[in-house]
Amino acid sequence: MDEDVLTTLKILIIGESGVGKSSLLLRFTDDTFDPELAATIGVDFKVKTISVDGNKAKLAIWDTAGQERFRTLTPSYYRGAQGVILVYDVTRRDTFVKLDNWLNELETYCTRNDIVNMLVGNKIDKENREVDRNEGLKFARKHSMLFIEASAKTCDGVQCAFEELVEKIIQTPGLWESENQNKGVKLSHREEGQGGGACGGYCSVL
């Protein structure tokens, strides 16, 4: 681990096939967008280091497949994760309806009780919306999740989603602290009075 890196975090991106998980990942890690991106088979894996509130964290981001036939592969992917981004497509209500199934799977396979979950409504650049923002916000509040709407195509909300998730994880020392006890790392604290989250309150911290 780099000396100035506070911790390495395992982040999962889950949700139904076609909601834009891979597009969100590539926009965040490589700042690219491919409208013809093929569905992920199995899992994709990216690493990116970011700085939030003066704390540098290395993210190991796992993009899990949404197809039902790959569900049997997921238990090992959930193991040890500190954060999860659960994605639905705001233009496809069926992907929103199935969020409960993903939460049940997360509860079944996740090895941590204090894992941080972020709900992302993707594809807000499209006009044929089927899921209102307030519906997403209500669902997130019900399940104590962070929430944001985003567009991998236009980049709206993408950086914020990851930064807000990482900020919340860092604020939950039990998620990562034990792995760094012998490394002499220190958490940098935001100056008193500074608030609104990593993105100035753009995300809802619930």
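Glycine is no exception: its Cβ is also placed from the backbone N, Cα and C atoms.
Marked as Mg(2+) binding site by Swiss-Prot on the basis of experimental evidence: SER22, THR40. Annotation note: SER22 (Mg(2+) binding site) sits in a helical segment as assigned by DSSP.
Annotation comment: Swiss-Prot describes CYS199 as S-palmitoyl cysteine, evidence class sequence analysis.
Taken from Swiss-Prot, the feature N-acetylmethionine covers MET1, and the record attributes it to experimental evidence.
Annotated phosphoserine per Swiss-Prot: SER144, in sequence order. The DSSP secondary structure for SER144 (phosphoserine) is coil. Around SER144 (phosphoserine), taking its Cβ as the centre, 9 other Cβ atoms fall within 10 Å, counting all chains.
If you look up Swiss-Prot, you'll see CYS203 marked as cysteine methyl ester.
If you look up Swiss-Prot, you'll see 31-45 marked as motif 'Switch 1'.
When averaged over the motif 'Switch 1' (31-45), pLDDT in the model lands at 67.
Here the C-alpha separation of SER144 (phosphoserine) and SER22 (Mg(2+) binding site) works out to 25 Å.
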